[in-house]
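**Q** Taken from TrEMBL, the feature domain 'Inhibitor I9' covers 3-53. Residues or ranges marked as domain 'Peptidase S8/S53' by TrEMBL: 83-512. As annotated by TrEMBL, active site, charge relay system applies to Asp92, His161, Ser476. If you look up TrEMBL, you'll see 584-677 marked as domain 'Subtilisin-like protease fibronectin type-III'.
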Amino acid sequence: MLTTLLGSKEESMASVVYNYKHGFSGFAAMLTPEQAERLAEFPEVISVEPSRRHKASTTRSWDFLGLNYQMSGSAVPHGTNYGEDVIIGVIDSGIWPESRSFSDQGYPPIPSRWKGMCQLGPDWDKNNCSRKIIGARFYSAGLPDEVLKTDSLSPRDYGGHGTHCASTAAGSAVQAASFNGLAKGVARGGAPHARIAVYKTLWGAQGIGYTSDFLAAIDDAIHDGVDVLSLSVGFPDENSFGALHAVQKGITVVYAAGNDGPRPQTLENTSPWVITVAASKVDRSFPTAITLGNNQHILGQSLNYHVVNSSAGSSRFTGLVSDECTIASLNATAKDVKGKILLCSPLPDDPLAIAPGITFNNALQYVRNGGGSGLIFAQYTTDLLGACQGIACVIVDLDTGKKIKKYILGTSSPMAKIELARTVIGKEISAPKVASFSSRGPSPDYPEIIKPDIAAPGANILAAVGNSYVFMSGTSMATPHVAGIVALLKAQHPDWSPAAIKSAIITSAHVTDERGMPILAEGLPRKIADPFDYGGGNINPGGAADPGLVYDIDPRDYNKFFGCTIIRRANVSCDATTLPAYHLNLPSIAIPELRHPITVWRTVTNVGEVNSVYHAEVQNPAGVKMEIEPPVLVFNAMNKVHTFKVKLSPMWKLQGDYTFGSITWHKEQKAVRIPVAARITIQDFYADVA
């Protein structure tokens with residue numbers, strides 16, 4: 001056709017850009033508008049469409065947060081050079097150095113202050129370190145032999161978790177990355193020019209590691225000269241004193257909040273000196289069409305990109321059966337699923353209905369083992385979008401599940417077909433939302449401290465694993481988002497302390513979407529998010545770069561509130577008379593037992609315009625009266641630091657629940673907001689602790 005159109009075989013071959021031959025028949029070619037119009041008239045041509053420019057959408061999270069490095073309107077902080085020469089230490093399961101996300105092309109020499117090493121192993125030589133991956137170590141003391149059999153004594157990552165996190169924080173830009181065509185776009189880290197130092201402490205398929213290994217890694221990282229530490233791990237019983245040493249050396253430490261939500265008091269990594277990160281969702285969706293035999297069309301969500309069984313997917317209708325999909329019913333049922341699609345409709349009283357991931361995986365395995373072609377899984381709205389593992393699968397909500405089940409019960413030969421998922425992004429998708437799996441406060445360790453500190457994208461994040469790009473979800477994915485932003489802030493403000501960086505992130509966070517609608521928290525039930533869901537809110541990189549005021553903390557002050565001394569090496573004794581932690585100069589206030597008026601003090605430092613005037617705006621927690629003195633702060637060259645007091649008074653004599661408010665300092669368009677949580681109490685009620 002092109003030879004006929006252009007006049008010669010040579011010209012036609014020169015014009016061809018791509019040949020499409022696996023999914024459909026077609027081609028892309030460089031043509032003039034007139035040539036395209038003539039080509040469209042060929043009888044064998046169905047359509048001719050211009051190739052349009054599309055906005056990059058992978059991992060999508062960075063675009064959503066305003067960090068689109070390819071656009072002039074991006075919120076990339078000035079003076080950061082994308083985090084160049086900032087060193088992010090990733091303490092995780094290692095790294096896959098051959099990934100395109102770790103290309104060091106164009107990188108200047110390794111910073112002279114770097115003191116780390118490239119530790120060699122059976123599948124890791126000195127060439128695996130580079131100007132991007134400037135250091136690599138591994139820690140395997142005490143690991144069982146059965147764990148080591150599935151891994152390698154080297155910094156190489158066979159599980160994928162560490163590679164995913166490292167590329168999210170600091171991956172170099174990779175064009176046209178996708179998960180089998182889904183979420184296609186530019187994959188990059190938040191600080192794509194930052195250097196990466198790898199500390200492998202998680203091993204095997206389950207990601208097993210020990211406290212001793214993590215402490216050794218933190219210790220080495222302090223020596224090596226990292227600027228930021230990213231730990232996508234949980235320490236439910238660890239007070240992170242190793243991290244405190246890093247913070248006192250000027251290193252910002254970022255931890256995951258945990259994946260045990262939406263239950264309250266499930267947070268991990270609750271120490272006040274670290275940044276604890278919750279997971280949120282971005283404005284990206286993967287709608288998947290289901291067509292029933294009665295021609296009823298239903299939309300669900302999935303990552304369904306490919307089906308092995310030719311009877312599944314969009315090729316043709318196949319049989320449809322239903323089951324409750326409890327563990328008992330899956331084990332006992334004689335239902336034939338071979339070549340069919342199984343609808344799972346969990347019973348409301350099934351205890352696993354609140355943990356649908358377990359049931360989903362069981363049902364998926366059941367369908368695969370039985371030779372089924374697809375799975376439709378009904379559940380309350382969550383963030384569960386797992387890999388379909390070779391069959392067609394789709395998630396629907398409970399109401400939709402009931403409609404499908406009604407069709408099955410009313411039809412002698414129910415049929416359905418499941419299409420492949422597609423990617424949709426943009427303003428029509430409500431975001432951000434706190435992900436249902438994200439662990440929630442109040443802090444089980446330090447109720448006088450609001451945790452988590454911040455929320456960041458952590459649901460269905462596309463990043464590097466091996467030589468490919470895959471989706472992962474968890475606060476593990478949210479943590480490197482914050483680490484990458486910390487690296488940008490460190491590049492722009494090298495003199496800021498870890499507490500100042502943390503304050504900038506919390507006080508500038510969003511609590512509403514771009515329409516002014518409050519951010520929601522998914523769970524049981526879905527609700528408006530509060531500080532126990534997201535701390536200060538959803539992270540705002542542009543705002544954090546210019547916060548106006550910061551709540552700074554001398555790292556030695558942590559010792560006043562957590563005064564622990566080591567006795568004979570073996571025991572740690574903490575002073576029981578230590579001051580309540582709500583007196584610490586944190587960018588938040590939490591009073592877990594408000595029985596009488598309590599006054600706390602906070603100090604703010606002006607890091608914005610020298611001559612500035614800020615006015616206080618108070619949003620009282622329900623049942624609590626807050627008074628700010630002074631209500632106006634005047635800053636100039638001589639007065640860069642001001643202290644104000646906050647008096648919180650209970651309005652009633654009541655054994656109450658937590659309520660939430662905020663204190664915001666305003667200067668024209670600038671807003672410096674801290675969350676407040678308070679609980680009015682009369683006495684200790686044994687069952688009323690959260």
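Residue numbering: from 1, along the chain as shown.
In case you wondered, yes, glycine gets a Cβ from its N, Cα and C as well.
What's the neighbourhood like for these features in this structure?
**A** Asp92 (active site, charge relay system) is surrounded by 29 other CB atoms, counting those within 10 A of its CB over all protein chains shown.
Every protein chain shown contributes to the tally, and the Cβ of Ser476 (active site, charge relay system) ends up with 28 other Cβ atoms within 10 Å.
According to DSSP, the domain 'Subtilisin-like protease fibronectin type-III' (584-677) comprises 0 helix, 61 strand, 33 coil.
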**Q** Work out how many Å separate Asp92 (active site, charge relay system) and His161 (active site, charge relay system) at their Cα atoms, rounded off.
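**A** Roughly 7 Å, rounded to the nearest whole number.
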**Q** Which residues does His161 (active site, charge relay system) neighbour through Cβ under 8 Å, counting only same-chain ones at least six apart?
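**A** Non-local contacts for His161 (active site, charge relay system): Asp92, Ser93, Leu202, Gly207, Ser232, Met472, Ser476.
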